[in-house]
Each structure stands twice: as C-alpha cells, then as structure tokens.
Amino acid sequence: MKIDIDFFKGGAAKGLGITAIALALVFVVSAGLRYIQLERWREHREYYFVDKMPQMTTLDSYKWLRYADEYKKGSYYPSDDDRLMFYPDVKPKHEKIPMLSWLIAKLSVFSDGNTYRTAVYLLPFLASLFIIPLGMYFYFTGIIPAGIAGGIAGSLGITYLVRSSIGRVDTDSMNLFFPFLSSLFILLAVEGKSSGRLFVHSALAGLSMWLFHWWYEHPGITLAYLGVFVLSLLVSRVNIRNAAVAVLLFVLFANPLHIYSGIHHIFDFIKVYITPTGSIVAGFPDVYATITEAKRTEIGRVLVTLTPVKLLSIAGLAFFVICGIFNFRKMLPLAPVFVLGLLVFKSSNRFGMFLAPFAGIGIGYAIFLLGKAVEDRIRVREQIKTAALVCVTAAFMLLTYKSSFDFNPSPSIEVGIYKQIKELKKAAPSDAVIYSWWDYGLAYEYAGFTTFHDGMTQRTPKTYYIAKSLSSDNQEELYNTLAFLAAEGKTGIDRMLSEGKTPQDISAAAANNSLPVEDDKHVVLFTKDMLYKIGAISQLGTWDFETGKYTPFAVVNMRCTQKEGDVIICGEDRINLTTGLVNDALPLKSHTVTVNGKVFNSRKFPYSQGVHLVESRWESGFTDFMILDDKAFRSNLVQMFVIGNVDSSRFTEIFNAVPFMRAFVVNGR
C-alpha cells in the first residue's frame, strides 16, 4: 500500500527496509540487555533466586502476579472486594482484570502454566515495544535518525532501565508504548490526504488510549491526548466536518467515560505531583513524602539520568525544542509525553522515563541535520545515505549508553526475607492479618496473608497510626492502636472526622482504648528492612499536627570488622567500650549485646546524653552493629524486633528468623 503523507518523499519511502532493520536491532539490544541481567543473576543465585525462581525488582509485581493466578483459577471477580487488601475496610478490585495480569495468565500456557516464570520472561519484551511506534513516527516524518536515537535513549536511559529491568513486573513496561502508539496514529490521521485515512487513524488513536487505560488506568492522559488531537486537527486545518467526525471516533473508541473521569483524575494528579502539601485528609501526613521515587531530584542529577553526560542531555533537549519549533505540526502529537517528562524537574524522578527519549530524539535530529549538510557533497544512492546515517546514529548512541550494559538490578525483597515469608505462612494462623510496614504488603498478600495496608493503600491515616505505634516506646499503645484499626479502619476514622473530631482526638482514641481484640488472628510482623526505614517510619509517626513538623529517629548501621581490646574498629570510626565514647567524642548511654534476638549482655554508661550501641550476633557467625538515638532505641520496633523485649501479656512470639524476620501474634482481649 502506498503511503501518501503530504511531507513524505520518495527517498524516505526507500528507507523503510533500513528503518525496519534498525528498529529490530534496537529492540533486540533493549530486550537482550534485560535478559542478560537474568543470566548475571544465575551466576550468583544465592542473592537473587528463591526456589529456582528469580526475585522481583519492584514490590508492585506481587499484586499483578496474584491477580494473574486468581484469573487463571477463575477466582478473580471484577469489582469484587479484595479481601486480602486494606483490612478491615477492604478495597475493590479493578473493574476489569488488569491487562498485565491478563497477559501473564494467558501466556502462561507457554510456560507450563507458571505465571511467575511467564512474567519474568515477558516483561523485557513488553518494555522494548515502544521502540517500534516511536521509530515509525520519525520514519513517517522523514527524520529517521531521531526515531532510532530516541528508542536507544528511552530503553537504555537509567530511569526507564531501572523501571523495566528483569523482575520488574509492573505497568511501567508499556507506559511508553501506548502513548507513542497513539501519537503515531494522530500523526497519520492529521497528515493523511483522504478522509478515510483520517477516520481510520482517529479510531486507532482512540483505541490506543482505551488499551492504555486498560493497562494503566490513568484517564487523565486520555483527556490530554484528546486535547492534543483537537489542536493537531486545527493546526493542520482539517475540514471542520471531517475534524468533528474524527474527534467523535477518537472519543468513542477511547471510551467517553474514561474521558469524563479524566477531568477528576487530572486534578488529583496535580494535587499529588505538582502541588503536594505533605499531608492528606484533615492534615494527616502523606506517606509520599517518605518515598524515594516520589521525591524531586536536583536538575544536575536529572540530566545524567537522560544521557550519561549532562551537556549531551542539554544538547539533546535543546535540539528537540528546535525540531519542535521548525516542525511544530509534526511534533505536536508527542506533546503529552514530552510534558509528562518535563515534570521530572518539578516532581517525582519517575517522570524521567518519559523525558529520556526526547533527549535521544534531539541528538538524532542533530545528526540528521549534519547529514543533510554534507549529503550534497556525497554522490551515492539515497538508500546508502540513509543507511550510513542510521549506522552513525546507532553507533554513537550505543557508545554513549555503554554504561547501561553494566547495570544490575537488585531484588526488592532480600532473598533471606522472602524465604521467611513462606516459612511464616506455616507458623502463622491460617487467617492471619499482618500488621507491619506497608512496603512488603503486596508480597504478604501474594503469600496468602491479609494486610492492614500495602503499596496500593498506604496513603491513608491508617499508615500514620501504624507508623506512630511502631515508633512509640509503649507496647500498650501498639496493642491498642492495632485494636482500634481492626475495629474502626479508615471507615471509622472518616466517620469520626465527619463528626467533628480532630486528628488529635482520634489519636487519643487509638492509643487508649479497651476495644476487644480477636485472639490468635493479628500478627505484628517485623522485617530487617524496617530498621533501614526507621527514619521514614518515625518521620510519619512523630508528625505534629499543630506545627506540621516531625522528628525522625536516627539509626546508623556500622560496618565493624574487628576488635582490638575494648575498641571496636568500624572503618575510620572507633568505638571504645572502656570509655564509652565513639571517636573519643560521642558518648554511649548503653551497649546491648543480643544473640539470635535475645539479650545476652547489657551495660549502661554514666552519660545522661548520647546514643546507644546494639551489637547483634547471629548463628551464621556474623555480627551487626547499630548506633541509635534514644527514641529509636526505645521504639517498639527496635525493642521487640532487635532486642526481644516483649510484653508477653499482649504479644506471643510465633516466629523468630532474626536477622530477617520476627513475628508476634496478638493476644485476645
């Protein structure tokens, strides 16, 4: 079929085969790099594998895997309450089985029905798909090197590489594919000469957005694309009647309900990512303030995530802007992705994955201009010129991103901890409800546990109260808070707020109550990673509603290698157990030695101010050293998990796998 776009020239048409070959090679490099990561893991299986399976590199993976299993078994019901999530309130499931889970379940037939293995091998393929529509976009604009460079920059840029690496079973893997696909169809729609092509591509653009909503469920993006589509039709001066039909087709195929809900979603998006206040309902602290990937990154660091060289990133973005100015009509359909990418300078570093392709596009455009400047001096066939330009672009970009080939992702859950989740399932009550920090909640649900909160439900007051109870130095407060949340949940908190009660009133009710507690059901669970996250936990837990400030705890994990007399050597630091001083300056208030989670020896020093040293010895022969401030040392997290100081009238230990995990069942009341 002849492609008759008005700016499309015969020379570019002859470059179709070259473009296809180049895009295929870039695709192979992108997917292959991610499969190579898996092969590296196999060389050190003890750090990356559990039961012959590689670990996940994002905590959200466990949700998609669980839903895939449920769908295969026929137990996933759209809009049915997810009984494992957000106890006791529960959370409705997606109206439609998520596309990622659906794909995993359907394709598992090629992996003996193993959804986990299917997901691991599927994601590198999905993560590389965006290269095709992006490359074809610039093929149709006649700027082939820009598409090749954009595909390489997008796939090998560190932000997207991290967010789509092996084991990263999450929606990021096609969050570039669907937007670029829709942009491509909008381009073909507005540049087509016939009304038939306009209508077909308008419908396909809308269908792309419908599929994207099924994939990601962010309708605000659909609304943004509708706006850009309308603007593109106006700029291209499409006949008003044809334009109206085209818009109608886009809306119908995208689903009008998605566009309507997109209005509300955009306001929520702005509130979370552009104008965050640090708090949620009624002034409760927002957990997003403690999430690394949700934090803003300084401009210099952003630039090196786009390309490894700051100046090259600046040049790439500058040349893309130039390309956009001189080719405004052709570049306009890419605007939604570009604007999302620019948010990296204002908001979360995760938006960098949307901007990296544009740095590459700009570099490719610069190479294209350079080629145009010298092509008249070289008398060879057009195909050879195109091939040479593509080869130069690919070689330059691959050399630029050579450091990406050394990137090796780490499991989101340490192998030692993940192994114990399965063991805990054997020791815990069959209907156990896990009371812990939210990070690993989805993994606990994948193992069959019910949780109070997880990575999908952490932005509510419940997370604040859990943080407060873990940070508290009073185990009765922990017990009462659990009883309160089990009885009231978020629903009860919302009711109290509607009745005019303040967060302080609710906090008092949570900390001091005599609510009944079901015996042998709720499990307070501590894991090794929580010690590293105690700063974030205490940041929420010490939130002051009056001032809007907090006082996070301090914990320093010391790398101590040897002991000379009474002096512990930790790199350049020295801990003198005779004088009770760290580096002859910082006083120790106490030195506690534990063996397998039980106190072996405890010594106090005659200082009223200072820090605490905890020396934890394990059966494996390893010894960990931590220096903690007073509040961290007295917190329920440290006292119960590390030291084993537990109020047996309220909690009974049922599982001890220190240093990885420790669990206590809550006694009834």
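Just so it is clear, glycine is given a Cβ too, placed from its N, Cα and C backbone atoms.
Beyond the ends of the transmembrane segment (16-36), by six or more residues, the same chain brings 121, 123-125, 127-129, 131-132, 135-136, 139, 144, 147-148, 151-152, 155-156, 161, 164-166, 383, 386-387, 390, 394, 398, 404-405 to within a C-beta distance below 8 angstroms of the stretch. Positions annotated as transmembrane segment by TrEMBL: 16-36 (among others).
Positions annotated as domain 'Oligosaccharyl transferase STT3 N-terminal' by TrEMBL: 56-263.
Residues or ranges marked as transmembrane segment in TrEMBL: 119-137 (among others).
Same-chain neighbours of the transmembrane segment (143-162): 12, 15, 18-19, 22-23, 26-27, 29-30, 33, 127-128, 130-131, 134-137, 168, 172, 176, 304-307, 316, 323, 327, 349-350, 352-353, 356-365, 367-368, 371, 386, 389-390, 392-394, 396-398, 401, 404, 407, 409, counting only residues six or more beyond its ends whose CB sits under 8 Å from a CB of the stretch. The transmembrane segment annotation in TrEMBL covers 143-162 (among others).
Summarising the annotation, TrEMBL assigns transmembrane segment to 174-192 (among others).
Residues or ranges marked as transmembrane segment in TrEMBL: 223-240 (among others). With a threshold of 8 Å between CB atoms, the same-chain residues lying at least 6 positions outside the transmembrane segment (223-240) that come near it are 179, 182, 186, 189-191, 195, 198, 202, 205, 209, 246-247, 250-251, 254, 259, 262-263, 265-266, 328-329, 332-333, 335-336, 339.
Among the features that TrEMBL reports, transmembrane segment is placed at 246-263 (among others).
What TrEMBL records for 311-331 (among others) is transmembrane segment. Proximity of distant same-chain residues to the transmembrane segment (311-331), defined by a Cβ-Cβ separation under 8 Å and at least 6 residues beyond the stretch ends, is recorded for 7, 141, 143, 146, 153, 187, 190-191, 232, 235-236, 303-304, 338, 355, 358-363, 365-366, 400.
Counting only same-chain residues 6+ beyond the ends of the transmembrane segment (351-371), those with a CB under 8 A from a CB of the stretch are 130, 134, 138, 143-154, 157, 159-160, 163, 172, 175-176, 297, 302, 305-307, 312-313, 315-323, 334, 337-338, 340-344, 385, 388-389, 392-393, 396-397. Annotated transmembrane segment per TrEMBL: 351-371 (among others), in sequence order.
Here TrEMBL flags 383-401 (among others) as transmembrane segment.
When pLDDT is averaged over the domain 'STT3/PglB/AglB core' (432-488), the result is 97. Look at TrEMBL and you will find 432-488 tagged as domain 'STT3/PglB/AglB core'.
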Go through 174-192, 246-263, 383-401 and flag the stretch with the largest number of C-beta pairs under 8 Å relative to the transmembrane segment (119-137). 174-192
